[in-house]
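Chemist: Structure below; questions to follow.
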Amino acid sequence: MQAYFDQLDRVRYEGPQSTNPLAFRHYNPDELVLGKRMEDHLRFAACYWHTFCWNGADMFGVGAFNRPWQQPGEALELAKRKADVAFEFFHKLNVPFYCFHDVDVSPKGASLKEYKNNFAQMVDVLAAKQEQSGVKLLWGTANCFTNPRYGAGAATNPDPEVFSCAATQVVTAMNATHKLGGENYVLWGGREGYETLLNTDLRQEREQIGRFMQMVVEHKHKMGFQGTLLIEPKPQEPTKHQYDYDVATVYGFLKQFGLEKEIKVNIEANHATLAGHSFHHEIATAIALGIFGSVDANRGDAQLGWDTDQFPISVEENALVMYEILKAGGFTTGGLNFDAKVRRQSTDKYDLFYGHIGAMDTMALSLKIAARMVEDGELDKRVAKRYAGWNGELGQQILKGQLSLGELAQYAEQHHLAPVHQSGHQELLENLVNRYLFDK
């Protein structure tokens, strides 16, 4: 097979002084950070959809890219050609993982039966590619939002027959993920929401999607899948309002249906932006709630109201994200998947490498800065000092339920409490973070 990226052998680490645009300056897979290999901390993955499925089309223009596997031809043969190029890319980029939707890797076919047959053939192709390359599957998922049948949602659709079609795709994609050794399975509700409340029964749709997720959990245990189930929050787009709005909303949903011990979250930076949150906020919230799973590493544009899916380039933002992840013990089954695409004007095939290399270097440098923050411990010390009162007798009595509201009021009066506000020192802490970021 002729190489598609024929001007490149493999992307390698050359160090911070390198000016080679096809080399890593900060990502050194074998470098030890806090006693652990950088590759094992970051667990990078490249995604199939933006990298190999998007043809450069947008709402105002047709496809701008010249990808051989996107030309007219026999669907399965083109899918196999796409797989050839994808695994060439994964190998040359030196990522240990990849991610896909079902219809990214396999033709959808004209019927559910044809869909399943096509997918089964492509799973065998992917299994062989994984064996040859050593690249593993971080997670798989089903695209239950592109087909016109899902215009009113999949699990939240008013038609139970559409719900059943979605179940077919999800069970097939879960089985494929399991067979390929995937470490997670993701559920993103692209159209699980509404356009208008005038034709929407919120209680009904919530019950439907709750039951759907319960069925997914049941199937996971039935098939013996040991990976993690993940919901990916997003507030809107393509619907006006989605039910998985943000991490906190997802947690409330999981609690309602008794799923908080079964499903975690896959957090995308751009989705946090759309929800009016920082990426840091969503990561910290998931960790605090015990549902942190994996990350879609990208960036949005705060001046735009849609999902731009750009590659992450902000060390300032991502150092704080990696700091939270390190403090929480790091990834288990999750990782950093680049849910990002080159711009429509970036028509050189090597732009795919430039985008990923920059993103990987950004996250690697962020990791190293976060490690310095952890080792220094100053931020943790200051937070602990701020809440120290809760480790005292009064604080512990309150938290352990040993005082009622009335008893606490009586205590305050008897002890003539008149506490004085203590400074939060926000500016000092911001300066401290800048020292980690910019001082050698």
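From the backbone N, Cα and C atoms, a Cβ is placed for every residue, glycine too.
Source: prediction; values computed, not measured.
So Swiss-Prot lists the following for this protein:
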type	residues	note
ACT_SITE	H101	active site
ACT_SITE	D104	active site
BINDING	E232, E268, D296, D339	Mg(2+) 1 binding site
BINDING	E268, H271, D307, D309	Mg(2+) 2 binding site
Chemist: Are there any residues in the same chain, six or more apart in sequence, whose C-beta is under 8 angstroms from the C-beta of D104 (active site), and if so which?
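Modeler: Correct list: Y48, W49, F52, C53, N143.
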Chemist: What is the nearest of the recorded positions H101, H271, D307, D309 to E232 (Mg(2+) 1 binding site), using the Cα of each?
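Modeler: That would be H271, the closest of H101, H271, D307, D309 to E232 (Mg(2+) 1 binding site).
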Chemist: For the recorded Mg(2+) 1 site formed by E232, E268, D296, D339, name the remaining residues of the chain with Cβ within 8 Å of the site's Cβ center, in chain order.
Modeler: W188, N266, I267, A269, N270, H271, V295, N298, N337
Chemist: Out of H101, E268, D296, D339, which of these recorded positions is nearest D309 (Mg(2+) 2 binding site) by C-alpha distance?
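Modeler: Of the recorded positions H101, E268, D296, D339, D339 has its Cα closest to that of D309 (Mg(2+) 2 binding site).
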Chemist: With an 8 Å cut-off on Cβ distance to the E268, H271, D307, D309 Cβ center, who else from the chain surrounds the Mg(2+) 2 site?
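Modeler: Surrounding the site, in chain order, are K234, A269, N270, T273, L274, D296, N298, G300, T308, D339.
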Chemist: Counting all other Cβ atoms within 10 Å across every protein chain shown, which of the binding-site residues E268, D296 scores highest?
Modeler: E268
Chemist: Neighbour count first, Cβ atoms within 10 Å, every protein chain included; then name which of H101, H271 tops the list of recorded positions.
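Modeler: Top count of Cβ atoms within 10 Å goes to H271.
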Chemist: Taking the Cβ of E232 (Mg(2+) 1 binding site) as the centre, count every other Cβ atom within 10 Å, in any protein chain shown.
Modeler: 22
Chemist: If you count Cβ atoms within 10 Å of each one, which of the binding-site residues D307, D309, D339 comes out on top?
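Modeler: That would be D339, with the most Cβ atoms nearby.
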Chemist: For D296 (Mg(2+) 1 binding site) and H271 (Mg(2+) 2 binding site), determine the Cα separation and express it in whole Å.
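Modeler: Just about 9 Å between their Cα atoms.
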Chemist: In angstrom units, rounded to an integer, how far apart are the Cα atoms of D339 (Mg(2+) 1 binding site) and D307 (Mg(2+) 2 binding site)?
Modeler: 11
Chemist: Rounded to a whole angstrom, what is the C-alpha distance between H101 (active site) and D307 (Mg(2+) 2 binding site)?
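Modeler: That separation, Cα to Cα, works out to 18 Å.
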